[in-house]
Amino acid sequence: MNVTIVGTGYVGLVTGACLAELGNNVFCLDLDRNKIDLLNAGGIPIHEPGLEEVLLRNVEEGRLTFSCDVAASVAFADLQFIAVGTPPDEDGSADLKYVLAAARAIGRHMDRFKVIVDKSTVPVGTAQEVAAVVREELAKRGREDIAFSVASNPEFLKEGAAIDDFMRPDRIVLGVDDDEPGQRALALLRELYRPFNRNHERTRVMDVRSAEFTKYAANAMLATRISFMNELANLADRVGADIELVRQGIGSDPRIGYSFLYAGTGYGGSCFPKDVDALCRTAQAHGLPLQVLTAVQRVNQAQKHVLLDKIRAQFGRRLAGRTFAVWGLAFKPGTDDMREAPSRLVIGALLRAGARVRAHDPVAQEQAARVLADDLQDHPELLRNITFVAKPLDAVTGADALVLLTEWKIYKSPNLRAMKDAMRTSLVLDGRNLYEPHAMAQAGFTYLGIGRNNRALLPPQQRVAAEPSAAADALDPAASSLLAHQAQDP
Ligand SMILES: NC(=O)c1ccc[n+]([C@@H]2O[C@H](COP(=O)([O-])OP(=O)(O)OC[C@H]3O[C@@H](n4cnc5c(N)ncnc54)[C@H](O)[C@@H]3O)[C@@H](O)[C@H]2O)c1
Ligand SMILES: O=c1ccn([C@@H]2O[C@H](COP(=O)(O)OP(=O)(O)O[C@H]3O[C@H](CO)[C@@H](O)[C@H](O)[C@H]3O)[C@@H](O)[C@H]2O)c(=O)[nH]1
């Protein structure tokens, strides 16, 4: 089949590549000329395992095209997928300007029946708005005779596992209208997704509004599990339990399951924070504020500060002159995506407090340097105090503490002896609970995970003995106000 994908970001690129891999002819449109030029030159704008191979093969075999030509993209296929960004607006609701601009462009150029498929994550009712915009454009040209349908086909892929998620989906949600164009849309989409249903039927057909809602409900449920565990982890720290053992204890109940119950430094990325916000906004607009999800957001905001609180508990306010090793910058392993990455907040706070940071990430260092420069626009001189290093061990050399923020595989079995020898102080703050407290204590580390302050396993908590240099003793005033602010954070 011929398919057009509007928007060649994480979702658009993966969708386009995977649909081409199944034998379809795919036209990927983006308005970002640099991105299209890079793709046409054989480059890839994002880090996503397995993507390069699929892209190169399908471009070479002529099934995958990248272009900025809107008229050509609309003419190319009856199926027009919209996969552009839906970033948060100022009030937290989803900003639909890219979606509606894409819809308008389709309406402006279409000259025969089209199925417009919203793959972007969009609030309930968006398909109706898309249809209105397309109708408006058709009316301007006096072409109200051209039929079309707007369907919803939300995407559930995870970054870092996107190809696998797309190729082996748990479910394919199709929201279509009941009318004749809607049923034509359904027939086309069923045909497109037929290869995914060979083993068993994965397609769930529903009305458009329910499909749009399903996407938000899924992300909200997953975010809720994470905030629930993060809150319990903080209590575990107080009562002397180990949240990892608790996770396994409850996960063994099939009604609960093991997935998405890892405590950490709060969820980040381009989806959970913005989608939970947007759903809360939708609910408010309908006069039904969502109390559980409001708490989920609040807990997540606070959780992003938990490691900083632990750092402060160890060092007091004297962070100026200290050196912190940071392992992991991306919001999760398997990606170079820095959107809402907890590392931004932690590193920003450390630098503002006058500390030095030696950071390592296997793929996200370049992106991290870019976003941190943006985050620290008001204090660009602080960027001198962050060094990006080639190897994890280089980061810990001479460090007062190691702060682990992303659970990349490369950090899973470090050489503890070499680490301990290299560090100035053997303090490890593990934001992903990657290590065993007992093993770390045995190796001579002061180990602080999230919700793992199990008194039976750990030596009595000691404050870090080594004092910073005298020159560093004077606390940067910006740092002290920042830390005070964090102390008050809910
Ligand atoms: N990133 C994920 O893991 C993920 C997973 C599932 C769903 N989603 C949802 O999918 C949507 C896209 O997310 P993303 O992460 O791929 O975004 P992204 O920012 O990586 O990519 C969006 C792309 O759309 C392009 N674009 C914007 N307006 C355009 C237009 N009018 N015509 C053509 N191209 C245009 C931009 O230049 C950009 O390249 C969002 O709604 C997001 O919530 C994302
Ligand atoms: O037990 C867990 C699982 C995840 N996280 C964090 O949650 C965030 C999101 O992780 P993940 O869901 O793996 O990555 P995303 O790529 O953001 O994928 C989510 O968001 C996408 C965009 O909507 C959806 O398509 C996916 O189904 C949904 O998992 C990250 O910061 C993780 O560190 C935890 O803290 N604990």
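If you go along the chain as it appears here, the first residue is 1 and each next one adds 1.
Quick reminder: no glycine exception, Cβ is built from N, Cα and C everywhere.
Automated prediction, rather than curation, is the source of TrEMBL annotations.
Copied over from TrEMBL, here are the features:
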- C271: active site, nucleophile (ACT_SITE)
- D30, K35, T86, T121, E159, K274, R339: NAD(+) binding site (BINDING)
- F156, L157, K158, E159, K215, F260, L261, Y262, A263, G264, G268, K332: substrate binding site (BINDING)
- 325-437: domain 'UDP-glucose/GDP-mannose dehydrogenase C-terminal' (DOMAIN)
Binding-site residues K35, T86, F156: those with Cβ under 6 Å from an atom of ligand 2 are F156
Segment confidence, the domain 'UDP-glucose/GDP-mannose dehydrogenase C-terminal' (325-437), expressed as mean pLDDT: 97
Report the binding-site residues (D30, T86, T121, K215) that meet this criterion: Cβ distance to the nearest atom of ligand 1 under 6 Å. Use sequence order and write none if nothing qualifies. D30, T86, T121
Quick one, of the recorded positions L261, A263, C271, which Cβ has the fewest other Cβ within 10 Å? L261
When you look at F156, L157, K158, E159, K215, F260, L261, Y262, A263, G264, G268, K332, which the record names as binding substrate, what is the longest CA to CA distance in angstrom? 24
For T86 (NAD(+) binding site), what residues in its own chain, 6 or more apart in sequence, show a Cβ-Cβ distance under 8 Å? A94, D95, L96, Y98, V99, S120, T121, V122, K274, A278
DSSP, reduced to three states, assigns K215 (substrate binding site) to helix
C-alpha spacing of the residue listed as 'active site, nucleophile' relative to L261 (substrate binding site), in angstrom: 17
